[in-house]
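J.: My structure is below; once you've seen it, I'll send some questions.
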Amino acid sequence: MRNRVLTEALIEALPYIRKFSGKIVVIKYGGAAMIDAALKESFAQDVSLLQHLGMQVVIVHGGGRDISDMAEKLNIQTEFVQGKRVTNEAMLELVKMVLAGKVNKEIVCTLNRQDVSAVGISGQDGNLLKCRKYFPDSGEDIGWVGEIVEVNSEILRDMLDDGFIPVIAPIGYDDEGNSYNINADSAAGSIAAALAAEKLIYLSDVPGVLLRGERIASVTEETGNAMIAGGEIRGGMIPKLNSAFDTLHRGVKKVHMLDGRVEHSMLVEIYTDSGIGTQFLLEEQDA
């Protein structure tokens, strides 16, 4: 019985393995999947399998919980505006220390234990993420928060072609050499678009986009914008939706939000007929 189930699973996966071999997937890695020890190992196993099955994997990570914990220890105030962390000089130095110095290296070490070659970089390395200062809709100054204007995709393609998995801390720079804190969801979307990725996957702490507490299997741009305007989507979910739809407009074929608390959720989404999480669409698709 067990052998038959395994065989059926492999047969079901075969067309997807063929379809996605050689294609690029960008994963925004964050939330509980970065905190829980078992989930960290599960994520690393999934990434290893994706690469061994022929996919080219790029990881963009967050680290909000680590940043907030360290800020509390150092008595640095934490504040958010439209899902973006207000970043003064002290917070910027903390963000760089935590993301590039701690979180990034921990992810790389976990991945490398799974027989892959992961390389940790920040958006400042190799002129990867060029930014300008970001202003929210209100126009208020929220400090050293950046929005990406250019991605040096060549350096990432070189790494992928050489068999490496780039693990990117979302810290950018401008023409004057100033550093910026970049929202990881937005960074993942810009990188996916620059690489013409097949898929962009957001790993989150929820089953997907929720409407009155229930997961929505798919959400269109029109519906998503209405949910934001109506207050049904708030906080850190806003940059995810904005980034998802912007990425689709820029040519990425599929964008999904998955529950990072569920082990191997990426494998279920990519290699089975059982779609999970929420898929983002520019408009409704015919059944």
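A Cβ is built for glycine as well, from the same backbone N, Cα and C atoms used for every other residue.
Feature table excerpt (TrEMBL):
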- 23-258: domain 'Aspartate/glutamate/uridylate kinase' (DOMAIN)
- LYS28: site 'Transition state stabilizer' (SITE)
- GLY63, GLY64, ARG85, ASN181: substrate binding site (BINDING)
- LYS240: site 'Transition state stabilizer' (SITE)
J.: Just name the winner among LYS28, ARG85, LYS240 (the recorded positions) by count of other CB atoms within 10 A of its CB.
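T.: Compared across LYS28, ARG85, LYS240, the most Cβ atoms within 10 Å surround LYS28.
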J.: Quick one: give me the count of other CB atoms within 10 A of the CB of GLY63 (substrate binding site).
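T.: The answer is 24.
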J.: Residues near the substrate site, GLY63, GLY64, ARG85, ASN181 excluded, by Cβ within 8 Å of the Cβ center?
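T.: Here the nearby residues are GLY62, ILE67, SER68, VAL95, VAL98, LEU99, ASN183, ALA184.
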J.: Say we define neighbours as other CB atoms within 10 Å of the CB. Which of the binding-site residues GLY64, ASN181 has the fewest?
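T.: Each of the binding-site residues GLY64, ASN181 was scored; lowest Cβ tally within 10 Å is GLY64.
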J.: How big is the Cα-to-Cα gap, in Å, between ASN181 (substrate binding site) and LYS240 (site 'Transition state stabilizer')?
T.: 16
J.: Just to confirm my parser: what is the rounded mean pLDDT across the domain 'Aspartate/glutamate/uridylate kinase' (23-258)?
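T.: Taking every residue in the domain 'Aspartate/glutamate/uridylate kinase' (23-258) and averaging pLDDT yields 93.
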J.: Just to verify a number: CA distance, GLY63 (substrate binding site) to LYS28 (site 'Transition state stabilizer'), in angstrom, no decimals.
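T.: That comes out at 11 Å between the alpha carbons.
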J.: How long is the line from the C-alpha of LYS240 (site 'Transition state stabilizer') to the C-alpha of ARG85 (substrate binding site), rounded to the nearest angstrom?
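T.: About 14 Å separate the Cα atoms of these two residues.
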J.: Hey, how far is GLY64 (substrate binding site) from LYS28 (site 'Transition state stabilizer'), Cα to Cα, in Å?
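T.: Distance between the two Cα atoms comes out at 13 Å.
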J.: How many whole Å apart are the CA atoms of ARG85 (substrate binding site) and LYS28 (site 'Transition state stabilizer')?
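T.: Answer for this pair: 17 Å between alpha carbons.
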